[in-house]
Amino acid sequence: MADDGGDEKKQVAKFELERETELRFEVEASQTVQMELLTGMAEVFGTELTRNKKFTFDAGAKVAVFTWHGCTVQLSGRTEVAYVSKDTPMLLYLNTHTALEQMRRQAEREDERGPRVMVVGPTDVGKSTVCRLLLNYAVRLGRRPTFVELDVGQGSVSIPGTMGALYIERPADVEEGFSLQAPLVYHFGSTTPGTNIKLYNKITSRLADVFNQRCEVNRRASVSGCVINTCGWVKGSGYQALVHAASAFEVDVVVVLDQERLYNELKRDLPHFVRTVLLPKSGGVVERSKDFRRECRDDRIREYFYGFRGCFYPHAFDVKFSDVKIYKVGAPTIPDSCLPLGMSQEDNQLKLVPVTPGRDMVHHLLSVSMADSPDDNISETSVAGFIVVTGVDLERQVFTVLSPAPRPLPKNFLLIMDIRFMDLK
């Protein structure tokens, strides 16, 4: 079916969904698709859809519209693929949510803390989606769960290369996701935990400490618990990092997606009181290529500076070399024989190494630390925000930055990331 839209006719398709089925679609490159719920009730990753409201999805978006009771959905625009599936694990995901809600009710009755859930699995099994679903279902029942993001490759609480936590007070927006007001964010500096596993585990512990402090003073946060998203690196040091996170957050439930081996290893290595559940991944989960991941990371950073669909105007200004101190967390590895007596390579991983401003800083992201002095344990201090270096003038001893806020910078300790952002779009 199509309606008249000038020269290029806009493709319009209607889908009748039976109960407990989902419409899956992907938006074609450089296209947008509008979706509208015409009749019935439906949800996208746990967020209810408003009837007769048009939702817009940009190129590359992968969306699943699920209905418990049946509905009619209309899509306008070019999709790479669009089909209705009866084969969905949503009932299992709902059962998981129901079990967590029972734990919250018990916590309320017995004046204890609510469930802390960690979602694990290899890459491309839908971990972030399951987290979003569990958080949305909880908040729709009046809970206030905390979302903890340990996946530095995607950084959905802030930008890639960071770890953080977000107090969820309303369901995720269908188009934009969760409202990112006032997240707690820590600088990691790279998109893979393996570049500095000691720092990664240290920040995990720090996030757990801060979450515990919040639970002590906020009963609602304590009863609601948390949902922890993790990296898809599940072998070797990556596996050890999962075990470390489970212990740091004292998790009660581990949801393993699509990997029996990981499920059995965690069952063996985690304390017996931790409930470990194996759930299937959704058939709608798509494998993402390296290029697609890189594009997603760039989009995430672009959105940080320019807002969702370019609704912000970032500021550009010069910063004097003498006004700031730039550091990198972690010194390069050197042979053990060259290390001072009694020092190990691991100590090196948390070391703050001063960075001399130079042209090689161009396009690199810098985290603005909340620390007031170098003695503040900068690597474990949260960050105020991020800037990207767009130019360096050695003669004038200044570098130009793109910043979401106007000058001056709120603090003068900066941490450099391995991540670069070319502002080309």
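The backbone N, Cα and C atoms fix where each Cβ goes, glycine too.
What Swiss-Prot says about this protein:
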- Glu22, Lys62, Asp124, Val125, Gly126, Lys127, Ser128, Thr129: ATP binding site (BINDING)
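This view paints the features noted in Swiss-Prot onto the structure.
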residue : record           : Cβ contacts under 8 Å, 6 or more apart
Glu22   : ATP binding site : Ala64, Val65, Phe66, Thr67, Val84, Ser85, Thr88, Met90, Gly284
Lys62   : ATP binding site : Arg24, Phe25, Glu26, Gly284, Val286
Asp124  : ATP binding site : Gly232, Val285, Val286, Glu287, Arg288
Val125  : ATP binding site : Gly232, Leu257, Asp258, Gln259, Lys281, Val285
Gly126  : ATP binding site : Leu257, Lys281, Ser282, Gly284, Val285
Lys127  : ATP binding site : Val119, Val120, Gly121, Asp151, Asn229, Thr230, Gly232, Leu257
Ser128  : ATP binding site : Asp151, Gln154, Ser156, Asn229
Thr129  : ATP binding site : Phe45, Ala64, Ser282, Val285
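Farthest C-alpha pair in the ATP-binding residues Glu22, Lys62, Asp124, Val125, Gly126, Lys127, Ser128, Thr129: 19 Å apart. According to DSSP, Asp124 (ATP binding site) is assigned to coil rather than to any helix or strand.
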